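Annotated features, as they stand in Swiss-Prot:
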BINDING   TYR18, CYS61, ASN66, ASP100, LEU101, SER139, PHE140, CYS156, CYS158  S-adenosyl-L-homocysteine binding site
BINDING   TYR157, HIS160, TRP161, SER237, TYR368  theobromine binding site
BINDING   ASN178, ASP260, PHE262, ASN263  Mg(2+) binding site
SITE      HIS154  site 'Involved in substrate discrimination'
SITE      ILE266  site 'Involved in substrate discrimination'
SITE      VAL328  site 'Involved in substrate discrimination'
SITE      GLU343  site 'Involved in substrate discrimination'
Amino acid sequence: MELQEVLHMNGGEGDTSYAKNSFYNLFLIRVKPILEQCIQELLRANLPNINKCIKVADLGCASGPNTLLTVRDIVQSIDKVGQEKKNELERPTIQIFLNDLFQNDFNSVFKSLPSFYRKLEKENGCKIGSCLIGAMPGSFYGRLFPEESMHFLHSCYCLHWLSQVPSGLVTELGISANKGCIYSSKASRPPIQKAYLDQFTKDFTTFLRIHSEELISRGRMLLTWICKEDEFENPNSIDLLEMSINDLVIEGHLEEEKLDSFNVPIYAPSTEEVKCIVEEEGSFEILYLETFKVPYDAGFSIDDDYQGRSHSPVSCDEHARAAHVASVVRSIFEPIVASHFGEAILPDLSHRIAKNAAKVLRSGKGFYDSVIISLAKKPEKADM
């Protein structure tokens, strides 16, 4: 089976779907002020045709109602600028392209569009037709749009996914060089970590080059994804998965060879690695770069606001919170796990993930490290 066929979130609206378990809205709380700033700068820059139609893409949009939260925030940001400038700026038509791989569950997004449009009209006064939303399936590591056609590109929690599993993970004798690990984790040897970094560097460089060609001069990108801070101090979601698969091997439920042949194309870069790649590629200026932490159990409660949460061990509803973490991890990785190990292990694996999540929560290290970077395409000399 091709890698792109299993690199997608769990579709549908069931208990293990990404739509039911994503806490994307909580990440957007943290990202929204920077998103607003990007949109405000775009509209104030008087870029070609932007006052008539602002063209935006959400790269790696995933599925479910949460996919449209970014669209909502963009519309609100545009309205905010319009209110500040009053009659100087008419509301432009907003053309939104939702991008993900071909296997993404776009249908669940489309089903929520009628109610979303009605809500926009009620809350923001957007007439039907002033916000146009469509799909642009395909890999964001390849060309998606015509040259110099886009104003703003957004991507949230996608760029840690690589275009392919790095080479060099198997010896000449066909033996795994990354035994006991499923990606470039803390236990991986330096050559494995370098192989993953090299693949990330290649992919991110390609991403920047291709999308710089699609953006107009001084167009913006806002990117957020998991990063590596404090030398793996805080285990992320794939670390929980790795621990739990190892538990199943130790308990005799899985063969060690099956684990050793499972390599996930994910890399969590350091902020320095991100900065160096952007500067080396050369198409963009870094406007903003910051890291932040999000608790494992963010989104456990409907009223959860992780920004107000202290970084202390969680004891309240520990089992329920750990089960929530396991559901989130499963919604992200189930397709690729089931493809390699089979669906039969999923219930046991979820149980082990919950147990490991509870341990990490008790240790006070239950946080996902994330990086957010705002980029502006450098103008051509003729535009300066």
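Glycine is no exception: its Cβ is also placed from the backbone N, Cα and C atoms.
Compared over the recorded positions HIS154, HIS160, the count of CB atoms lying within 10 A of a residue's CB peaks at HIS154. Counting in whole angstrom, CYS158 (S-adenosyl-L-homocysteine binding site) lies 20 from PHE262 (Mg(2+) binding site) by their C-alpha atoms. For the recorded sites HIS154, ILE266, VAL328, a Cα to Cα distance of within 10 angstroms from HIS160 (theobromine binding site) holds for ILE266. A Cβ within 8 Å of the Cβ centre of ASN178, ASP260, PHE262, ASN263, the residues given for Mg(2+), is found for these other residues of the same chain: LEU169, SER176, LYS179, CYS181, ILE182, LEU259, SER261. DSSP assigns TYR368 (theobromine binding site) to a strand segment in the three-state reduction. Here the Cα atom of HIS154 (site 'Involved in substrate discrimination') is found 33 Å from that of ASN178 (Mg(2+) binding site). In sequence order, CYS158, TRP225, ILE226, ASN236, ILE238, ILE266, ALA268, ILE332 are the same-chain residues whose CB sits within 8 A of the CB centroid of TYR157, HIS160, TRP161, SER237, TYR368, the residues recorded for theobromine being left out. A separation of roughly 21 Å, to the nearest angstrom, links the Cα atoms of PHE140 (S-adenosyl-L-homocysteine binding site) and ASN263 (Mg(2+) binding site). Taking all protein chains in view, 25 other C-beta atoms sit within 10 angstroms of the C-beta of PHE140 (S-adenosyl-L-homocysteine binding site). Put simply, SER237 (theobromine binding site) is 9 Å from VAL328 (site 'Involved in substrate discrimination') when counted between their Cα atoms.
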